[in-house]
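*Asks:* Below are the features I grabbed from Swiss-Prot:
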BINDING   Thr153, Lys179, Thr190, Glu276, Asn400, Ser405  substrate binding site
ACT_SITE  Thr190  active site, nucleophile
Amino acid sequence: MAAGLEHLQELLPVAGVELGTVAAGIRYRDRPDLAIIAVTGGSTCAAVFTRNAFCAAPVIVARRHLAGNSPRFLLINAGNANAGTGIQGIVDAETCCATLAELGGVASTAILPFSTGVIGELLPVSRIQAALPQVWQVCSPTGWSSVARAIMTTDTVPKGTSVHFTCQGHPVTVTGIAKGSGMIRPDMATMLAFLATDAQVPKKVLQRCLARGVAESFNRITVDGDTSTNDACVLLATGQSEVSIATIEDPAFAALQQAVTEVCLSLAQAIVRDGEGATKFITVEVAGGRNIQECEQVAYTIAQSPLVKTACFASDPNWGRILAAIGRSGVPDLEITGVSLYLGEACVIHGGVLHPEYTEEQGRTVMAQDDITLAVELGRGDARVQIWTCDLSFAYVKINAEYRS
């Protein structure tokens, strides 16, 4: 039920990256649910992970492995989150890494594991071990779309995008894939994203690039306000192109940053459009705050309000629910006489009261659209922010009520 989400575009290969998938029977029948992303030696890697205190075992292991090594393989499974599994979960993740490391002739610390799926169940290690030799054999540079499908859980469509640009007179590619549909309010930061570029970029510079991209994309979305135990976003740089970016002051860095942010934003918005049960894509704009933090407070309070989200689902211009969300957002000393509210281009509230020219018909017209913008002006500063969310439908309840059955 993706809200205005188009079919997966053609994903461009990234020199130095090969990908493969296999049906390991982790939770799903007759569909790939295990994937690896192999990266050439000498590549660099940046990553951000969930800040959920109950982070999953693969997050713990991936952080450890990434601390002192450049990874050669990403190992990803769908259907089992390996979260809430204690020490055994960590042992299981390490065991799977060791199996792939033996196949690849690398140290187990050169493997980064990632999992998504049901929380609280032990990883079926033997099934993964049995399937790894098969996935190893089918890796290819064109496997991006296959991996995008293999890592899906409640997603209804695979998500991926590519950007190709010229820098220093040479071509550069950035390709990324992601999964996510529910339990979405990333704080990097169930959401996983994997990006790669063929530019040559030192790890610290790559980390800065990813952090900026994530801040303007994945950390600006919410489906249901729940932050997963398994959130992770990875950016690989293979150095296989002729473009080398040594510092953030390098003129080429700005071009790479723009491309990475574009890919991140496309993936993040695709996750929202594929939000569990989503029928509408909602942009919440808050301007006129004293700082970004209070703009975020207001935006997220609106975006995560069940009453606002169900009003959007019903195409009901119930602006009182939005005002209530603004009022309870916790902005200190908020003067309501400075607040204005817009549904699309229609001004509903001006100076804290109903605009005399607003009509219910205007509101219904806006709320009936597939893409809705809710805009708030606080009238107390110059800060502004955008958050993206979706509506809350009957299907969301059904999907999550039946998730483990």
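Numbering starts at 1 and runs along the chain as displayed.
A Cβ is built for glycine as well, from the same backbone N, Cα and C atoms used for every other residue.
Walk me through where these features lie, including what they touch and how far apart they are.
*Replies:* Within 10 Å of the C-beta of Lys179 (substrate binding site) there are 29 other C-beta atoms, taking all protein chains into account.
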*Asks:* Minimum Cβ neighbour count within 10 Å among the binding-site residues Thr153, Asn400: which residue?
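*Replies:* Lowest Cβ count within 10 Å among the binding-site residues (Thr153, Asn400) is Asn400.
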*Asks:* In terms of DSSP three-state secondary structure, what is the assignment for Lys179 (substrate binding site)?
*Replies:* strand
*Asks:* Can you tell me how many other Cβ atoms are located within 10 Å of the Cβ belonging to Glu276 (substrate binding site)?
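*Replies:* Excluding its own Cβ, the number within 10 Å is 25.
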